[in-house]
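In what follows, a structure is listed as structure tokens, so that the remarks can point back to it.
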Amino acid sequence: MQAKAFAKINLGLFITGKRPDGYHNLETIFAPINWYDTITFEAADTISMSCTNLDLPVDENNLCIKAARALQQAAGVQHGIAMTLEKKVPFGAGLGGGSSDAATVLRVLNHLWQLNLPHATLHNIAVKLGADVPYFLFSKGIAYAGGIGDELEDLQTSLPFAILTVFPNEHIATVWAYKNFYRRFELQRPNLNTLVKNLCTTGNTSALPSFENDFEAAVFDHFPTVRDVKTMLMENGALYASLSGSGSALFGLFANEAEAYAAIESLPATYRTNITPARFVMDDGTGL
């Protein structure tokens, strides 16, 4: 079996406080993009993995291996699987590529191994693998996330804009981003849920500046090449541009795909780009 593992962008990301356990509470809107890894699953006696990107570990530290092991433990089985990851989504980019891979492994192996684990069990496994893994496991379109990013509300809608996503060849560690972002816990924030529902229903772009990303200012100060990408996007037709997650990837929303493609010409040729059509929803190709 073969499955696509799609990436995401964050449309707005508010860090609202720090928890006693050391994690931060946040609010964000997850939106899927048509940039994906492909995972091939083949029957085997043990769990193993190979990857087209030699920079990624394929040992027990890999999230795909961790996901398979977690399923084994939760179900009390010793089933095997041979996984091949065709890595296309940049890592260290704020696009959730590793989390999406892990969610895909959970979904596919729950089926292939005939475990039929309930939603709550899968959610508990997913959260331990990564805060945004539940989004990729249970949603296909836009979702509101609270808590540490694990409390989800599927909004049953999609963005009416083409999305140009840009990776400027910088890897920003999430740990670094949380240590260095400029704290604005006391700010009164707009309701992201209401904002994005209105945006998707009406296409009215006037509220787009309200979708701020709290990582952006610190990242831009430390990584000026990342800041420059946002400037290029806004100067070349983007209705809105922002950092995704903790970066370094950025995205621009465009009225149509033609304008998004035209904007690529303004970017350095070494930067990796992806265009997502309006109203995109995820379909991993498995029918699950």
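Any Cβ shown, glycine's included, is placed from N, Cα and C.
The feature active site is assigned by Swiss-Prot to Lys8, Asp132, with sequence analysis given as support. Sequence annotations record features per position, and here Swiss-Prot assigns ATP binding site to Pro90, Phe91, Gly92, Ala93, Gly94, Leu95, Gly96, Gly97, Gly98, Ser99, Ser100.
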Asp132 (active site) and Gly98 (ATP binding site), distance between Cα atoms, whole Å: 10
Where Gly98 (ATP binding site) sits in the secondary structure, as DSSP reduces it to three classes: helix
Tertiary neighbours of Asp132 (active site) (same chain, Cβ under 8 Å, six or more apart): Lys8, Phe30, Gly96, Ser99, Ala145, Gly149, Asp150
Conformational class of Asp132 (active site) under the three-state DSSP mapping: coil
Lys8 (active site) - helix vs strand vs coil (DSSP): strand
Tertiary neighbours of Ser100 (ATP binding site) (same chain, Cβ under 8 Å, six or more apart): Ala5, Phe6, Ala7, Lys8, Tyr36, Asp37, Val89, Phe136
